[in-house]
Amino acid sequence: MRLSARGFVWSALLACTASALSEAAATASNSSQTLRTCVSQALVAGDVNTRIIDPSNDTYTDARLGEKIQFNEFPALIAYAKKAEEVASLVRCAQRSGFKAVPRSGGHHFEAWSALNGTLVIDLSHINHVNVSADTTTANVGAGIRQGALYLALDEHNVTFPGGICPTVALGGLVSSGGFSLQMRALGLAAEYVQSARVVLADGSLVTASSSSHEDLFWAIRGGGGGTYGIIVDFDLQLMQFPTSAMVAISWNASSDRYPVAQRFFDWAPVQIPAFTSQVNVYKSSINFLGQYLGGTENELRKLINESGLLNIGTPTVYISGNCDTDNSRLFGYTSYECVPANETNRQIMNVLPEPFSQYSDYPQYQYENEPEDPSIPIAEPWARFNRISKSFFMQKDNILPAADLKTVIDMMGQLDTDSEIWGEWHAWNISSATKADYAFPWREQAYAHLEFQVHGSLTNSTKQATYEKWFADLETYLRPKIGVASYSGEMDAHISTNPFESYYGDSVCRLVEVKKAYDPDNFFTNPDAITPTVPEGISC
C-alpha cells in the first residue's frame with residue numbers, strides 16, 4: 001500500500017505522539033517508583049509497608065479521604081509519619097522525586113486540599129504525643145493529635161488547652177487557622193497559647209519557630225493558613241486550668257422562631273461580658289442556643305439568660321447547669337444537658353482514634369496502631385463522613401448585618417429540603433481578651449460574629465447536588481456584598497466570590513508573602529488558596 005505525503009505525515013505524527021505518551025507514562029511510573037523507594041527508606045520507625053498507601057492498595061480510597069467524601073483529589077502516595085525526622089526525610093524524598101508534599105494533620109479541610117492530586121501526602125495523625133512538663137504549665141504535643149485525645153491526655157494532669165469542640169479536628173489545622181472555641185471571648189484564640197513549634201521546611205531542614213527564633217515563621221504559622229510555610233510537626237503549648245462554668249442550652253422547634261431568636265442573638269450575645277461565649281445553631285425548621293459562662297455560677301447565668309429576651313420568644317426548652325468542670329462544659333449540649341461529678345462524666349465522644357472516620361461504602365478502611373488515648377473508657381463512635389458543601393462569613397463590628405437581610409438568609413435556609421441537613425453554626429465573637437499576641441490571624445479585633453453554613457451534598461442524585469450548589473452560589477451572591485469579604489481560613493471555599501487572600505488573611509497578606517518568600521521561595525508547599533512567594537493577583541503590597 002502506498003501512502004500519500006499527507007498520510008505519511010499523519011502516520012509519523014501519530015507514531016511520535018504514541019511514543020511521547022509512552023515515554024511520559026514510563027517517566028511517571030519511574031518517578032512514582034523512585035518516590036516509593038525513597039519513602040520506604042525514610043520511614044525509619046518500622047512497619048514500612050503498612051505505612052505507605054498508593055492507588056494499588058485496597059485501602060487507598062479510605063486513606064485519601066478525610067472527613068469529606070470527594071472524588072476530585074487523588075494523591076500519588078500517602079505516607080503515615082511517626083516522628084519529626086521522618087517528616088523531614090519525606091519532604092526531601094518528594095523534592096528529589098519531583099513531587100509536591102502536602103501535610104495532613106486531621107483531614108478536616110473543607111475542600112479536601114490536604115490530599116491533592118499527584119502529591120505525596122504526609123499524614124501526621126500518628127505524631128500525636130502529649131508530653132506534659134513536670135510543673136504542668138506546658139506540654140509538647142504532636143501536630144496530629146486530635147482534640148478529643150488531647151483533652152483526655154491533659155485531664156490526667158488536671159490541666160487543659162483552649163481549643164474547639166469537635167473531637168476529631170487535629171491541632172495542626174486548628175492553630176494554623178487561628179482556632180476558636182466557647183472560651184474565646186475571655187481567653188482569645190488557640191493560636192495565642194502556642195509558645196513554639198518545630199517546622200520542617202521545604203529543604204527538609206527542621207527548625208524551631210518561637211518569639212526568639214524564626215520569629216517571622218512563628219507569626220505566620222499561627223493563623224496564616226495551613227500547609228503553606230512548612231510542615232508543623234509539634235507544638236509547645238501553654239496549659240491552664242479552667243474554672244468551673246455554668247452552661248446553657250435552649251431549643252425552639254417552631255420554624256417561625258428561627259429569625260427572632262437569631263436576631264436577638266446577634267443583638268445581645270456578642271456584647272455580653274467576656275466570660276460568656278455562645279452560639280446559635282440554625283436548621284431548616286428549628287434553632288438552638290448554646291453558651292458557656294466561664295467561671296460563672298448557675299444563678300449568675302440564669303440572671304443573664306432571663307435578661308436576654310430569648311426566653312420571651314416562642315416556647316423554648318431550657319437547660320441550665322452550674323458547677324460544670326472542663327469536660328462537662330465541653331460535652332454540654334452535645335451528649336448531655338446536665339453537669340455531673342467528674343467520675344460520672346461520659347467522655348466516650350472524646351476518646352477518638354487516630355483514624356476516627358466512618359467507613360465509606362464498602363471500601364476497606366486503613367488501620368494502623370489505631371488505639372484510643374484512654375483504653376479504660378469506651379472508644380468514640382466513628383465520625384461520620386459526608387460530602388460537605390459550606391461557606392464562611394465574618395460579620396464585622398463596623399458592618400452589622402441588617403435585620404431584613406438576616407431574615408432573608410433564614411428564609412433561604414428554609415427552602416432547602418430535609419435531606420440537605422442545612423445547618424448554620426453562628427458564633428458570637430467580639431473578643432475583648434487582653435491576651436492577644438502578634439500573630440497572623442487577621443480578624444480578631446474586628447470580628448463581631450462568625451457565620452458558617454453547611455449541607456450534606458448528595459453523592460447519588462446529581463439534580464439534588466446541583467440544587468444545593470446553586471443554593472450556595474445564591475447565598476454567596478446575596479450575602480457577600482452585604483456582610484463583607486472576611487472569612488475563616490479553616491473553612492475554605494473554592495467558590496468564594498471575593499479575592500480569597502483578602503478574605504482569609506486580610507491585612508496580613510503582604511507580610512505573609514514575605515514569610516513565604518523567605519522560607520519557601522519555590523512554592524513547594526501549596527494548595528489552591530495558599531499564600532504564594534509573590535504578591536497574589538488583586539493584592540497591592
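Using the three backbone atoms N, Cα and C, a Cβ is placed for every residue, glycine included.
Feature annotation from Swiss-Prot assigns domain 'FAD-binding PCMH-type' to 71-242; the stated evidence is sequence analysis. Here Swiss-Prot flags Asn30, Asn57, Asn117, Asn131, Asn158, Asn253, Asn306, Asn343, Asn430, Asn461 as N-linked glycosylation site, drawing on sequence analysis. Sequence annotations record features per position, and here Swiss-Prot assigns signal peptide to 1-20 based on sequence analysis.
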Study note, to complete from the structure: Check: min Cα-Cα distance from Asn117 (N-linked glycosylation site) over glycosylation sites Asn57, Asn131, Asn158, Asn253, Asn430 goes to Asn57
Check your understanding: Which whole number is the mean pLDDT over the domain 'FAD-binding PCMH-type' (71-242)?
Key -> 98
Review point. So for Asn461 (N-linked glycosylation site), how many other CB atoms are inside 10 Å of its CB?
Key: 12
Point to revise | Secondary structure at Asn131 (N-linked glycosylation site), reduced by DSSP to three states | key: strand
Point to revise | Largest tally of Cβ atoms lying within 10 Å of a Cβ, found at which of the glycosylation sites Asn158, Asn343, Asn430 | key: Asn430
Study note, to complete from the structure: Note: among glycosylation sites Asn57, Asn253, Asn306, least Cβ-dense neighbourhood at 10 Å is Asn306
**Study point:** For Asn430 (N-linked glycosylation site), the one of Asn158, Asn253, Asn306, Asn343, Asn461 that lies nearest, given that the glycosylation sites are compared by Cα
**Key:** Asn306
Study note, to complete from the structure: Expressed in Å to no decimal places, the gap between the Cα atoms of Asn57 (N-linked glycosylation site) and Asn158 (N-linked glycosylation site) is 42
Review point. Which of the glycosylation sites Asn131, Asn343, Asn461 has its Cα closest in space to the Cα of Asn253 (N-linked glycosylation site)?
Key: Asn461
Point to revise | Asn131 (N-linked glycosylation site) CB neighbourhood, other CB atoms within 10 A | key: 12
